[in-house]
Amino acid sequence: MIDTLTIVRPDDWHLHLRDGDALADVVGDTARQFGRAIIMPNLKPPVTTTAQARAYRERILAALPAGTRFEPLMTLYLTDNTTPEEVRAARASGFVHGVKLYPAGATTNSDAGVTDLRRCAKTLEAMQDVGMPLLVHGEVTDPTVDIFDREAVFIDTVMQPLRRDFPALKVVFEHITTKHAAEYVRDAQGPVGATITAHHLLYNRNALFVGGIRPHYYCLPVLKRETHRLALVAAATSGHPRFFLGTDSAPHAKGLKEHACGCAGCYTALHAMELYAEAFEDANALDKLEGFASLHGPDFYGLPRNAGTLTLTRSQWQLPAEVPFGEQMLVPLRGGEMLRWKTV
C-alpha cells in the first residue's frame, strides 16, 4: 500500500474563480496545490477582450496569499461578435491561452454565448492559424434534447462538423461526462484533448438523490449513469496523453445552492488533489495520477511542465462543512466528511 505520493506540481486546466471578495476567498485553495490554472471567463459581464483578461489577471494576482507562486492562464469568452483581430491580439499577449465556447444558455453566466457557431467561422480560422485552443462546453441547449443526452448530441451536431471544417484547430472538450465523449477524444484525428473532473470520476447520478435532493452534487454537465463514470475512470487512468485534470471547481454561495432553483457547480478546489488521489486509488492506478494531473495538460497546451512537486500522504482528516465566500458561506463537495488523502 502506498502511503506517500510525490508528483510533479499539477495544474488545473478548468477553473472558476469568480471576482471581488469571493475571488479572494477561493484563489488560495487552488494556488496551494496547483502551479497554474486555466481561468474561465464567464463573469458578469464576461471576459471578451484581451484588455478585460489582463485586468482580471491582475485582480487574481493581487488576491493571492502572500508568498504564493501561481500563474493564472487567462481565456476569452467566445461570442458571435468575437473578431479575428481580437484572437490575434490575445495570442500575442502571452497570457491568454484559450477561447471558451459556451453555447448560449448551457451553464452559469452563459447567456452571452454563441448562438450559431457558423457565425464564428472567420474567428475560428484565425484561432487555427495562430494556434489558439478552443475550449468547449460540450452540450447542446435544444430544449427537446434530454439533459442526459446533450453531450452525445453535441458530438454529432457540433463537434464533428467543427473538426471537419477546422481540422488543425486545437480543441479541449472540457469536463467530459460520457463514454461517448471519452471514446471520441481517444479516437479523434488531430489535436483534441479533454479535461475530467474529480466529481465525475467519483460519483454517478445516484449521488444527486441519496435521501433527497443533494444540491451540492448538482453540476453541469450533470452526473451520468455508472456506465459513463467507469468509462471516465478508464480514460483518466489509461495514461493516454489526451486526458488531463480540470476540476471545473465552481463556487456558489450556500444560499444559491440550497435553493428552489439552485445553481450548478461543485466546489472542489479546497481538496481537489485529495479527491483525484481517491479516485485513482480506487482504480488501482495511483501510478497514473502524475501523468493525468501534471504532464498531459502542459504537453497539450505547449507549455513547460512545472519544476516543483506536490506530496500527498495517506491521512484521515475532516473537510470543513463550509468556508467563507465573500459575505456568505460556501459548502465544498463532501463538506464535513472524512477524506483519506491530504496534501502536504
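Every residue gets a Cβ built from N, Cα and C, even glycine.
What Swiss-Prot lists as Zn(2+) 1 binding site is H14, H16, K100, D248. DSSP assigns D248 (Zn(2+) 1 binding site) to coil in the three-state reduction, placing it in neither a helix nor a strand.
Here Swiss-Prot flags H16, L17, R18, N42, H137, L220, H252, A264 as substrate binding site. Around the Cβ of L17 (substrate binding site), the same chain contributes L23, V26, V27, T30, A37, I39, M40, I60, P72, each under 8 angstroms and 6 or more positions distant in sequence.
The feature Zn(2+) 2 binding site is assigned by Swiss-Prot to K100, H137, H175. Remark: K100 (Zn(2+) 1 binding site) has M40, P41, N42, T75, L76, Y77, L78, L135, V136, H137 as non-local neighbours, by Cβ distance under 8 Å and separation of at least 6 in sequence.
Annotation source Swiss-Prot lists N6-carboxylysine at K100, citing sequence analysis. Under the DSSP three-state reduction, K100 (Zn(2+) 1 binding site) is assigned to strand.
If you look up Swiss-Prot, you'll see D248 marked as active site, on the strength of sequence analysis. Its Cβ placed at the centre, D248 (Zn(2+) 1 binding site) has 27 other Cβ atoms within 10 Å.
Taken residue by residue with DSSP, L220 (substrate binding site) is part of neither helix nor strand, so it is coil.
Other Cβ atoms within 10 Å of the Cβ of H16 (Zn(2+) 1 binding site) number 23 in total over all chains. Take the binding-site residues H14, R18: by the count of other Cβ atoms within 10 Å of each Cβ, the lowest one is R18. In the three-state DSSP scheme, H14 (Zn(2+) 1 binding site) falls into the strand class. If you take the C-beta of H175 (Zn(2+) 2 binding site) and look for same-chain residues 6 or more apart in sequence within under 8 angstroms, you find H14, H137, T195, I196, T197, H200, P221, G246, D248.
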